[in-house]
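Annotated in TrEMBL:
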{"type": "DOMAIN", "residues": "40-289", "note": "domain 'G-protein coupled receptors family 1 profile'"}
{"type": "TRANSMEM", "residues": "24-46", "note": "transmembrane segment"}
{"type": "TRANSMEM", "residues": "58-77", "note": "transmembrane segment"}
{"type": "TRANSMEM", "residues": "97-119", "note": "transmembrane segment"}
{"type": "TRANSMEM", "residues": "196-215", "note": "transmembrane segment"}
{"type": "TRANSMEM", "residues": "236-259", "note": "transmembrane segment"}
{"type": "TRANSMEM", "residues": "271-291", "note": "transmembrane segment"}
Amino acid sequence: QMSNSSSITHFLLLAFADTRQMQLLHFCLFLAIYLAALLGNSLIITTIAWDHHLHTPMYFFLLNLALLDLGCISTTVPKSMANSLWDTRDISYTGCAAQVFFLLFLIDAEFALLTVMSYDRYVAICRPLHYGTLLGSRACAHMAAAAWASSFLHALLHTANTFSLPLCQGNAVDQFFCEIPPILKLSCSSSYLREVGLIVVSVFLAFGCFMFIVVSYVQIFRTVLRIPSQQGRHKAFATCLPHLAVVSLFVSTCTFAYLKPPSIFSPSSNLVVAVLYSVVPPGMNPLIYSLRNQELKDALSKLIT
């Protein structure tokens with residue numbers, strides 16, 4: 001038992017496996033997912049940066065999303081792989097704080113960006129004549145900057161608040177990376193209520209973004225269904241479906257991770273859920289976007305050849 005947080009120099013993360021074979025299997029699995037995510041997101045970033053036909057708001061936001069996905073998966077996966085490889089559970093106090101900060105910052109920014117992207121799709125389909133004026137390059141840069149900056153401040157606030165709490169319940173984190181809920185469990189008595197209050201406010205903000213996305217899509221679908229030609233409808237849906245799929249994957253995994261009933265709470269189910277929302281979306285997003293997107297596929301094949 002630790003007396004207070006000042007004496008904690010490191011935390012112990014939840015291990016994926018206790019036998020050597022399983023640890024190595026976990027290492028190989030994570031390595032494969034990590035390399036796939038690195039490759040997919042890097043290809044998207046390179047293709048969009050290289051092909052000037054893709055210098056449009058939609059692809060500008062997609063490039064930002066790919067950068068966030070790269071950061072997100074790099075925050076949790078390499079450390080977990082290293083721990084499995086060296087058969088340890090350690091993470092330093094600063095390393096843990098950095099993980100909390102970067103994960104929160106990148107996941108927040110991703111959600112903010114997905115919200116901005118739904119606005120982009122709404123303007124493109126429901127107000128096409130105003131697209132150039134509402135989403136000029138400056139407006140897009142401002143929106144992306146706002147998403148990054150607000151998420152940075154939000155993450156800083158939460159991280160500073162969480163790590164200023166006195167911790168007296170040991171140093172074993174109930175997760176394969178550091179995040180706020182398991183660290184709050186280590187804090188003493190009622191001192192964590194302030195952070196819980198902040199989390200509640202954040203949940204309301206996130207819900208506001210979610211409602212904005214839902215309303216945008218209701219408008220989009222109403223407009224698309226009024227398009228007379230079959231081909232026009234198909235084209236409009238094709239530009240929206242990848243974004244909708246990414247949003248659904250992101251929201252469903254995050255919601256399940258944080259709102260799952262305590263009855264299914266076990267360390268193993270916890271690990272699976274954490275992998276679902278922190279590892280799967282960054283690996284899947286490039287695939288979702290590139291499979292449905294002919295422009296991106298064409299540019300990619302030109303780049304490769």
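From the backbone N, Cα and C atoms, a Cβ is placed for every residue, glycine too.
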**Fill in**
Contact set of the transmembrane segment (236-259) with the rest of its chain, CB cutoff 8 A exclusive, min separation 6+ beyond the ends, reads 58, 65, 107, 110-111, 114, 117-118, 121, 124-125, 181, 210, 213, 217, 220, 223-224, 227, 273-274, 276-277, 280-281, 284-285, 288-289, 291-294
**Complete:** Long-range Cβ contacts under 8 Å made by the transmembrane segment (58-77), restricted to residues 6 or more beyond its ends, are 30, 33-34, 37-38, 41-42, 44-45, 48-49, 99, 102-103, 106-107, 109-110, 113-114, 116-117, 120-121, 124, 137, 140, 144, 147-148, 176-177, 239, 246, 278-279, 281-283, 285-286, 289, 296
